[in-house]
Amino acid sequence: MAPGEKIKAKIKKNLPVTGPQAPTIKELMRWYCLNTNTHGCRRIVVSRGRLRRLLWIGFTLTAVALILWQCALLVFSFYTVSVSIKVHFRKLDFPAVTICNINPYKYSTVRHLLADLEQETREALKSLYGFPESRKRREAESWSSISEGKQPRFSHRIPLLIFDQDEKGKARDFFTGRKRKVGGSIIHKASNVMHIESKQVVGFQLNFTLFHHPMHGNCYTFNNRENETILSTSMGGSEYGLQVILYINEEEYNPFLVSSTGAKVIIHRQDEYPFVEDVGTEIETAMVTSIGMHLTESFKLSEPYSQCTEDGSDVPIRNIYNAAYSLQICLHSCFQTKMVEKCGCAQYSQPLPPAANYCNYQQHPNWMYCYYQLHRAFVQEELGCQSVCKEACSFKEWTLTTSLAQWPSVVSEKWLLPVLTWDQGRQVNKKLNKTDLAKLLIFYKDLNQRSIMESPANSIEMLLSNFGGQLGLWMSCSVVCVIEIIEVFFIDFFSIIARRQWQKAKEWWARKQAPPCPEAPRSPQGQDNPALDIDDDLPTFNSALHLPPALGTQVPGTPPPKYNTLRLERAFSNQLTDTQMLDEL
């Protein structure tokens, strides 16, 4: 290396280097504190006095801790995917209303099919629970038909068995007393008999849509989706809603199927299936039932904010109902699918899945036992339907307020019942009784709709703005300050550490690869200063100050040579001698 390059390298080495190229972390931190835009870090360096510097260190560390705490809260709030709710009020259309009679079939139509069942039931109840007659008479009259050799047709088809809790899987025949092994339950097959009830609409001269329900027979839906236009009302109150007088016909109630009298009503969307048996409201006879509605429409956010579905396409359960998706439809479809898989047939109260048949005792004699076992597992959430089915993200819910009043009153029934009987004409062959009638009023309490809409409480933009607010509040930082912090603490900081480690690794590798060199000969020494080594570089002032003093006791190895040129001789010495000699002569 040339002498000039060596001098330049030594000067560069001795000069202090700051900034990102600083050789140590201490110098880097000092440079950052002096040049950063944040206030606290600079005050730590420029403050004079130990107490003041300690105070600024405490203030700065406290501010940093508060920033980290607030930012952590913001991050946690962002990832909790919370929502905010906005409530709006607006007008909506009139909903669909489905009305069903509690009694599904006319008793006069199916009575001849149940004659044997009725007679044998009376005899069984008489033998089991007894009547006011004496015990001997009851025992003498019990099952006299059996002693005469008459076999009941109903018992011949379906045996009457007595089950004991201590003997599971076994039962005793009620007539013969013999024990039988039982693997399921058997009931009579239902007949396809439908009962159509008359209706009277007051205020709305419109036709109702017939709807057959498997549990309640013929039902009627008002303002259904099959209509050309969906009806709406322009005012709220009981006078501007649906008013219906229902003919219940209590005499035609089947005592073996129902034990109460009245009707059921359900309010739902036009594209929604009416689950009357689940959420229906019962209407009492001889009463006027007023139902005030208040509509709430909800819109929920899907993943990741909630476990809801938009249209049920992401739910692995096939919708067997001809209606829009809902949680109830999914649960019933799941149960019916499990019923077909495990029992081999479908339950009659729900729609039929593709390539399946309804259960009957000829082809599936043990289907009832399988049904009850499956229903018990469904209620205990062992089938997995509750975990698979999701709630709909958007749905409508009507909040109902029900009030009752006696109808018709004692004073008005004298003229009202004959008028209603005359209005029915040939459809009713008897004089109406008030227990055969029920009046229903359905109306909006007000025409305002409450809409509940979910929106993300924390978005990316709001998270960044909250970060900026916290940094600006506690340390007067901006985006530029954040970039400086990232550059110094996450780039330059680790770059210095990496350079130092790399330099150490190179030196270690060079020492390991270099061959062992012999001992260097003693460097030549000067005569006047034997400690000074001969170097190609020119001496500098700093290097001269660091040299050790010359040793005074050390004698040079060889005497200095005698040079004639160094001897001083006067040119006129001989002449002076000659002159002196001439004078002497």
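Each residue, glycine too, has its Cβ placed from N, Cα and C.
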C334 - recorded disulfide partner, Swiss-Prot, among C308, C370, C385: C385
Disulfide-bonded cysteine for C389 as listed in Swiss-Prot, from C308, C330, C343: C330
Of the candidates C359, C370, the one sharing a disulfide with C343 in Swiss-Prot: C370
C393 - recorded disulfide partner, Swiss-Prot, among C308, C481, C517: C308
Record feature N-linked glycosylation site (Swiss-Prot), assigned residue among N227, N433: N433
Among C33, C219, C345, cysteine joined to C100 by disulfide in Swiss-Prot: C219
Disulphide bridge to C345 as given by Swiss-Prot, partner from C359, C477: C359
Which of C100, C385, the listed disulfide-bonded residues, has fewest other Cβ atoms within 10 Å: C385
Greatest C-beta neighbour count within 10 angstroms, which of the disulfide-bonded residues C219, C308, C334, C393: C219
For C389 (disulfide bond): intrachain residues, at least 6 apart, with Cβ closer than 8 Å: V315, I317, L327, C330, L331, C334
When distances run from the Cα of C100 (disulfide bond) to each of the disulfide-bonded residues C343, C359, C370, C385, C393, the nearest one: C359
Least Cβ-crowded entry, counting other Cβ within 10 Å, from the disulfide-bonded residues listed as C330, C345, C359: C345
